[in-house]
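According to TrEMBL, the feature thiamine diphosphate binding site maps to H74, G115, H116, S117, G147, A148, N175, Y286, E370. The Mg(2+) binding site annotation in TrEMBL covers D146, N175. Residues or ranges marked as domain 'Transketolase-like pyrimidine-binding' by TrEMBL: 319-483.
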Amino acid sequence: MFKVLDKIHSPEDLKSLDRDDLNRLSHEIRKYLVDVISVTGGHLSSNLGVVELTIALHYVFNSPVDKLIWDVGHQSYVHKILTGRKEALKTVRQYQGLSGFPKRLESEHDCFDVGHSSTSISAAIGYAVARDMNKDDYSVVAIIGDGALTAGMAFEALNNGAQMKKNFIVILNDNQMSIGKNVGGMAEYLDTIRTGHVYKEIKHDVHKVFDRIPVVGKMLTKGVREIKDAFKQVFIPGMFFEEMGYTYLGPIDGHAVPQIIKVLNQARRIEGPVLIHVNTIKGKGYHHAEINPSKFHGTKPFITTNGEALVKKAANTKKTYGELMGDQLIQYIEDGHKIAGITAAMPDGTGMTRFMKKYPKAFFDVGIAEQHAVTFAAGLGLSGIKPFVAIYSTFLQRAYDQVLHDVCIQKIPVVFMLDRAGLVGEDGETHQGVFDLSYLNHMPNMTVMAPMDSETFKDMMAFALTYMDGPIAIRYPKGEAPFFGYDKSPIVYGKSEVLETGQDIAILAVGSMVDEALKASAMVKSSVTIVDARFVKPIDYDQIDRLAATHKYLLIAEENTMIGGYGSEVLRYVHQKGYDIKVEIMGIKDDFIEHGSRNKLMEILGLTANHIAAYIERYNR
Ligand SMILES: Cc1ncc(C[n+]2csc(CCOP(=O)(O)OP(=O)(O)O)c2C)c(N)n1
Ligand SMILES: CC(=O)[C@@H](O)[C@H](O)COP(=O)(O)O
Ligand SMILES: [Mg+2]
């Protein structure tokens, strides 16, 4: 039972609350967030940090007429609670439950779908321009974090927004954190604003310089005091944004509802673009998240009293592919290789943390800047350093042209470590890594591999380390890497590996689907050939020739869209050769795949061992 929160069914209900009730509401929302997310899992820290900000936004603005555009959207839970989705939050990120991100189809209060970062200012400018073209009258507000502000897209939008001179508001939610500590020059600039460092240092330095001048020194220092104001003009907080053309307001305390309300009310009356700089604390109000915001950025279910995971990791838990990658990078440095590990704001998620701590000089976190990460790696790759760029499959979509134009055309030996390839589950359609095989397949000079287990993965990395004839992408799924214990042959460029030999049906499986194929083969009586594709590009044409000569049926299994992936290339080859073999592709249908557990989605999409077994039995009568 929540005294105030239970009465809030829409933003309208907020507007009659007095100061005490608004205050109480913040506490109740925090408690509710912790209660719910400790059961469902989800993005906790960022939501705890924006409780007061979200209340103030809905207090001042009139959603859905006014447009509130959340960047990334992982911090939109409070917005969901205040816009009639409090109870539904208990289903967040579950199959057919609430999305973990704003979704236009979910609510009229969600005016832009998100998941990938740094889109909010562009979308806000679009809304503002359309409003004026349509002669409508509403406010447009983009709420962007300091992490999301590290991306090129955010800068592009700020730049263009200044020129447009439209009325819109950018709220910069500055908590000094991306998922981990925020990085880069802008982060430092924001830090100097927060601490008032620039102005103090300048003043101090000027005094020091003039004091060193003999005789006239003291006299001049007096004059400097007068000049101080001029300096203050130049070094006032937010001058960067002011100079660009934004009215800068702040920095303000993002946990003081009355102050935020006051500034929002000012901002909505200002002509032209406004940037409000709000300081918040990521994880605010829940001790364990406040002291370790990264751990609770995206969390599994946990015990509220001690912040420990509800389901403890078993002692014999295998390492994730990401962790294995981090280990390998450490090993390469220790073996004397000149390598670099690059991440775009995801050192933890990609498994680079240990490497980062041990060899910080070989580690580069470039911020949420996937495009820059790739071209930066291209420069390194041309200068005798072997770059390993670890980016989630879904986020590398951002850098399509950099991969193609800056790396592939020049055949630069960059290694792309694509984590979260395949279905990621709870993050849903914006995050499923099901397009990479297709967007990489058609790039000349690109090599693409997919490991079936931990040992193959290490072998592939070792292969990539010494391969100098162009870029290589290794794509692997979220979670622990299995180990099958096959006595397998070394990695040979473009060659697949036969794991089991049978006569009835052949299965060519890519990466994670090998596991399902092996399980299926154990479930049926038929004798099945199972081939681990290993290389998605180039495909092993000799192997296809052999399979076509010895089998009547070929099933291709891949955790990727069926369009333009591995299977479609095999099919093209089989057709071109005129082989008499029936080929079927098991992969992701041509659709965006919603959120839900990975197992559930695999089941629904027909990508499990059971489905493969059913296929085998259907054809082998
Ligand atoms: C293009 C892209 N790259 C990476 C991510 C992963 N990601 C999600 S939230 C986040 C940090 C965002 O930091 P910030 O905007 O400051 O929000 P905060 O979590 O601090 O509230 C990152 C790196 C993403 N969503 N999109
Ligand atoms: C919002 C976002 O993009 C990230 O927080 C993402 O949810 C991380 O995914 P993992 O939990 O798989 O690292
Ligand atoms: Mg932040």
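Cβ atoms here come from the backbone N, Cα and C positions, even for glycine.
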Hey, what's the widest CA-to-CA gap across H74, G115, H116, S117, G147, A148, N175, Y286, E370, the thiamine diphosphate contacts in the record, in Å?
32
Give me the count of other Cβ atoms within 10 A of the Cβ belonging to H74 (thiamine diphosphate binding site).
24
Return the members of H74, H116, D146, E370 (the binding-site residues) with CB less than 6 angstroms from at least one atom of ligand 3, or none.
D146
What binding-site residues in the list H74, H116, N175, E370 lie within 10 angstroms of D146 (Mg(2+) binding site), counting C-alpha atoms?
N175
Give me the long-range Cβ neighbours of E370 (thiamine diphosphate binding site): same chain, 6+ apart, Cβ under 8 Å, in sequence order.
A344, I391, F395, L396, R398, A399, Q402
Can you count the other CB atoms that lie within 10 A of the CB of D146 (Mg(2+) binding site)?
24
Same chain, 6+ residues apart, C-beta under 8 Å of the C-beta of N175 (thiamine diphosphate binding site), given in sequence order:
S46, G49, G145, D146, N279, T280, I281, K282, P293
Quick one: which of the binding-site residues (H74, H116, D146, G147, N175, E370) have their CB closer than 6 Å to ligand 2?
H74
Might you list, by sequence position, any residue in that chain lying six or more from H116 (thiamine diphosphate binding site) with a Cβ less than 8 Å away from its Cβ?
V72, T394, F395, Q397, R398, T430
Residues satisfying Cβ distance under 8 Å from G147 (thiamine diphosphate binding site), sequence separation of at least 6:
S117, M177, S178, I179, N182, A345, G367, I368
Can you tell me whether DSSP puts N175 (thiamine diphosphate binding site) in helix, strand or coil?
coil
